[in-house]
Amino acid sequence: MTARNIDGNALSAKLRENFATEAATLAQAGVTPCLVVMLVGDNPASAVYVRNKVAACEKAGIKSLKFEYPADATEAEVLARIAELNADPSVHGILVQLPLPKQIDEDKVLEAISAEKDVDGFHAENFGLLLQGRKSFYPCTPWGVMKMLESENVPIKGAEAVVIGRSNIVGKPMAVMLLSQGATVTVCHSQTKDLAFHTRRADIVVAAVGKPKFLTGDMIKPGAVVIDVGINRLLEGPDAGKLCGDVDFDSAREVASLITPVPGGVGPMTITMLLGNTLESARRAAGKA
Ligand SMILES: Nc1nc2c(c(=O)[nH]1)N[C@@H](CN(C=O)c1ccc(C(=O)N[C@@H](CCC(=O)O)C(=O)O)cc1)CN2
């Protein structure tokens with residue numbers, strides 16, 4: 001069996017077309033959706049992601065504003081700008097691109113963003129609502145994964161799902177979302193003994209640790225669905241400079257039924273769902289949610 005790709009670019013294009021229609025409707029109702037992106041430092045990958053986010057907003061008719069800060073910016077400067085944006089009724093979404101330089105407390109910055117404008121879904125209030133199965137802003141990457149599974153009609157209720165990675169922005173919310181749809185979820189991480197024992201049981205495997213090609217075909221149950229959240233830039237060897245995921249794509253695709261490629265899989269969906277959250281916030285502001 002050779003797995004079929006779940007094409008994140010194609011699914012994104014479809015969803016973004018719908019989002020553009022909704023943005024135009026909101027604008028006609030006098031509410032122009034607006035996302036503010038804050039970038040601190042000179043991380044080259046972050047610069048690419050921010051550029052992609054701004055471009056996607058512009059294409060969808062969502063106004064975007066970008067604030068850039070040098071790597072030595074102070075926490076106080078960033079917090080002051082967030083306070084201004086929280087109070088600005090024309091701003092519907094605020095995000096601070098991660099990671100941040102070490103002198104800035106990420107938790108403090110993320111908590112400073114008003115939960116009503118937290119279109120990354122990282123605020124403790126939104127995570128708490130997600131945990132309770134209540135309406136909130138969902139973190140964009142796990143929400144994008146759920147949309148990819150939905151697009152392929154992957155059965156989740158009663159499925160064995162294994163999430164590898166326990167970050168606050170992917171692993172933990174990913175596990176909660178799968179659980180809420182009736183999967184039996186196992187969360188694996190760096191302390192997990194015999195990782196392959198767990199992954200070989202899984203109908204759905206989500207790899208989100210940032211370790212290039214660690215999940216190989218022999219670790220996957222035949223016919224499983226493999227979701228690769230990893231985005232790693234290879235530093236050496238014949239493919240130096242190229243992007244790869246956490247999954248060894250060539251060996252995994254020989255065993256899985258469905259697989260997400262890197263690039264062109266989960267990454268574009270992360271940006272797409274950010275547009276979705278921004279529109280949701282604008283809809284609420286327009287009293288239409
Ligand atoms: N504030 C946030 N920071 C970060 C988030 C986030 O959701 N909010 N997630 C990641 C990075 N990320 C979004 O910012 C992200 C990563 C990758 C892509 C993407 O489109 N990847 C492309 C390849 C892009 C390239 O050429 O490098 C792909 O996979 O096809 C989008 C967003 C950490 N920070």
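Note that Cβ sites are derived from N, Cα and C of the backbone, with glycine treated the same way.
According to TrEMBL, the protein carries these features:
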- Gly165, Arg166, Ser167, Ile231: NADP(+) binding site (BINDING)
- 6-120: domain 'Tetrahydrofolate dehydrogenase/cyclohydrolase catalytic' (DOMAIN)
- 139-284: domain 'Tetrahydrofolate dehydrogenase/cyclohydrolase NAD(P)-binding' (DOMAIN)
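Taking a Cβ distance under 6 Å to any atom of ligand 1 as the criterion, the binding-site residues Gly165, Arg166, Ser167, Ile231 reduce to Ile231.
Secondary structure by DSSP for the domain 'Tetrahydrofolate dehydrogenase/cyclohydrolase catalytic' (6-120): 60 helix, 18 strand, 37 coil. Of the listed binding-site residues Gly165, Ser167, Ile231, the Cβ environment within 10 Å is emptiest of other Cβ atoms at Ser167. Annotation note: Ile231 (NADP(+) binding site) sits in a coil segment as assigned by DSSP. Here NADP(+) is bound by Gly165, Arg166, Ser167, Ile231 per the record. The longest Cα to Cα distance in that group is 16 Å.
Arg166 (NADP(+) binding site) has a Cβ environment of 18 other Cβ atoms inside 10 Å.
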